[in-house]
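A.B. asks: Quick one: the structure is below, questions incoming.
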Amino acid sequence: MSETLFSRKNMKLLSDPLNNSNPITVQVLGICSALAVTAQLKPSVVMAVSVMAVLAFANVIISLLRNTIPNRIRIIVQLVVIASLVILVDQVLKAYVYDVSKQLSVFVGLIITNCIIMGRLEAFALGNRPWPSFLDGLGNAAGYGVILIIVGFVRELFGSGSIYGFQIIPDSWYIANGGFYENNGMMILPPMALITVGIIIWVQRSRNRKLIED
Amino acid sequence: MDRNSNTYTFIYAAVMVILVAAILASAAMSLRPRQTKNVEIEKKQNILASVNIASNVDDADEIYAEKIKNQYVINSKGETVEGEDAFEIDMKKEKAKPVEERLFPVFECQTESGLKYIFPMRGAGLWGPIWGFVSLNEDMNTIYGANFDHQGETPGLGAEISTSWFQEAFKGKHIFDSSGKLVSITITKPGQDAPEEHSVDGISGGTITSKGLEQMLLEDFNSYEEFLMKKKS
């Protein structure tokens, strides 16, 4: 009870998912959306923010309700909370960032099925107080978002020659304009996202020996 | 109260569902005007793009009101139908009706190089619907501009139909041949023989989308044929 808001234990909830227990690279959850929306940086960022909003609020709501939820329907209650938050996010995106919501199309709706979210509700929010649950939600969504943004960055740079929609590779480099360079069309397709995630996992494990299983 | 009793579970579920429904319904209602506005602005931008006028989210309304001078609805016989708002016609619904009952919107745009006629079109790509707007010069034969969009074609392949290099190729092509027959525009593969003024290059790896687009153009120009003939003569 006497624990402070930003105690070391609470901060660990935020930082752990970024590395040691990253939802994508260590727990291998939420891969589907990580492959699907990361062809460009902008949808990746919007997806990361959307998941963060949904996960943090769902964690808090479930944590507040945790002592009232009938055990037999707890999964249904969790799903109802997630689904309503996702629909809210979808409606807000459609109203305020219409072009991005068009790009993300069905993937916003599919946040509902993102295993990271239910996983955190079931494993953390049901047994913890709202504040740690909130931090846990933020941390896990950030861990997910960081990977999405890295993958989106790499794929957009090599696949379209731009970053966040701004052209980075000079026009004069392209073969079409007499240069030597061509965008790699493979980067736009989902398989390269999987390979990029694989490379991230490789780099992460070679730097963080704790993650290597015997 | 016993949290595991049936009564508690039922009441809990019922209250939760009613609460959630109320929240979602009110959110959907309060955001609805903005959402319909977004869809409307996108349509206006697409219509303007088909006559080669660039617009953004903020000025689309204004430019549209200034440039699109006239809009009306015709039927498959090319006769004007009164009492319909051309902008509100949903091509998806029209396409589901038998040809004789379909309504076709026509938009007229005054540009520096004369009056242009804009025709909405809709067809099927590889993964889902494709649609667009094609504008013709006053001769009702030369394409002035085209704009296509799609729901879920493959990025880099079929999705290229919504990029400018593909759409640029349509400019200046003719949809009627020298004998006055409607031939529409063919989308060709390398090596395929087709008269240049009636064809554009297809997309490598996007053959099915290209074919779908070709089919859409042919079908929809055909539906407008009576109207085109009337205006030509």
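Just so you know, glycine gets a Cβ as well, placed from its N, Cα and C.
Dumping what TrEMBL says about this protein:
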TRANSMEM  B:12-31  transmembrane segment
DOMAIN    B:125-221  domain 'FMN-binding'
MOD_RES   B:T207  FMN phosphoryl threonine
A.B. asks: Neighbour count, 10 Å Cβ-Cβ cut-off, for B:T207 (FMN phosphoryl threonine): what number do you get?
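C.D. replies: A 10 Å sphere around the Cβ of B:T207 (FMN phosphoryl threonine) contains 15 other Cβ atoms.
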A.B. asks: In the predicted model, what is the mean pLDDT computed over the domain 'FMN-binding' (B:125-221)?
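C.D. replies: Summarising the domain 'FMN-binding' (B:125-221) by its mean pLDDT gives 88.
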A.B. asks: How many of the residues that make up the domain 'FMN-binding' (B:125-221) does DSSP mark as helix, as strand and as coil?
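C.D. replies: Tallying H, G and I as helix, E and B as strand, the rest coil: 28 helix, 26 strand, 43 coil.
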